[in-house]
Amino acid sequence: MINTSIPLVDLHRHLDGNVRVNTIWELGHQHGIALPADSLETLAPFVQIQGKETSLVAFLKKLDWMVAVLADLDAVKRVAYENVADAALSGLDYAELRFSPYYMAMNHKLPIEGVVEAVIDGVKAGLKDYQVKINLIGIMSRSFGQAACAQELEGLLAHKQHLVAMDLAGDELGFPGELFNEHFKRVRDAGLAITAHAGEAAGSQSMWQAIQELGATRIGHGVNAIHDPKLMDYLAKHRIGIESCPTSNLHTSTVSSYAEHPFRTFMDAGVLISLNTDDPGVSAIDIKHEYRIAKSELGLSYAELAQVQRNGVEMAFLSESERKALYAAKA
């Protein structure tokens, strides 16, 4: 399923959506946080998707448990370290880990900049122990409003040298992208790349706004682009990458089934598209699972899967020399 001569990457992967079940259990007990279960085994269904359940509300509840146990900065550092370990152990050559410091800080009123520093420190520690290339993407969580995002941005830009890009995530319908135009002007001025969750809950106009006003060169999910032929042409012509997460889209009810997923439509239209895990801790998947699904459920051939792998490397927020180094390591 995976072509071993091509680097394997995961570009849309939430660090705060990938907390191990045993880590939630241990941190909960360490900090006296009431958990919804009385054993490690019975905790799993509260924090991971089991079977075929597909509901955005259920998904977000599980996600919330992942940050509920971040009681101090050491917990944040541990989770960041384990994210590097998990990326390496799942066979990835390169991953971009994105995180929302406000979301991670809010339950226990941690300092936002302190959370950013703890993530950076945890990743650095992980890279000493594991063979994988990692870059970080900062998230502004739009659901908490403009002021919270401004705070979040301050904490992230204070450490911009450790980031490759900024993302906008959260409630796309309640907090449209135009509320954050000024925030992203600061991101562009700081020299960071931009990706945005768009066209997931809202229509194609949300994607146009992210590209034309925020400055996004990649779009997270973007499933609703397929209803706008002009946008599809634009995406293909300008090599705007779609960070696709099929299993997550199913789990959040963004699509009703794998058969309904537009991945194939994007490929046939010549749009640059990659496979990603989104919140692997919640979905209980790894990148290889997404490639298996792409073959068995989305109907991609081995040649098309190889192209998707190459697309991921092309879409990555890397320099040309870094891209070449990834390929050279596979030779």
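Cβ from N, Cα, C; glycine included.
Quick look at what Swiss-Prot lists:
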type: ACT_SITE; residues: Glu200; note: active site, proton donor
type: BINDING; residues: His12, His14, His197, Asp278; note: Zn(2+) binding site
type: BINDING; residues: His14, Asp16, Gly170, Asp279; note: substrate binding site
type: SITE; residues: His221; note: site 'Important for catalytic activity'
Based on Cα coordinates, which of the following recorded positions are within 10 Å of Asp279 (substrate binding site): His12, Glu200, His221? His12
What whole-number Å value do you get for the CA-CA distance of Asp16 (substrate binding site) and Asp278 (Zn(2+) binding site)? 10
Which recorded positions (His12, His14, His221, Asp278) fall within 10 Å of Gly170 (substrate binding site) by Cα distance? none
Would you list, in sequence order, the residues of this chain other than His14, Asp16, Gly170, Asp279 that have their CB within 8 A of the centroid of the site's CB atoms, where the site is the one recorded for substrate? Leu15, Gly17, Leu63, Arg98, Phe99, Ser100, Tyr103, Ile139, Ala169, Asp278
Going by DSSP, give the three-state secondary structure for Asp16 (substrate binding site). helix
Entries of His12, His14, His197, Glu200 which, being recorded positions, have CA atoms within 10 angstroms of His221 (site 'Important for catalytic activity'): His12, His197, Glu200
Non-local Cβ contacts of His197 (Zn(2+) binding site) (under 8 Å, 6 or more apart, same chain)? Asp167, Leu168, Ala169, Gly170, Glu172, Ile219, Gly220, His221
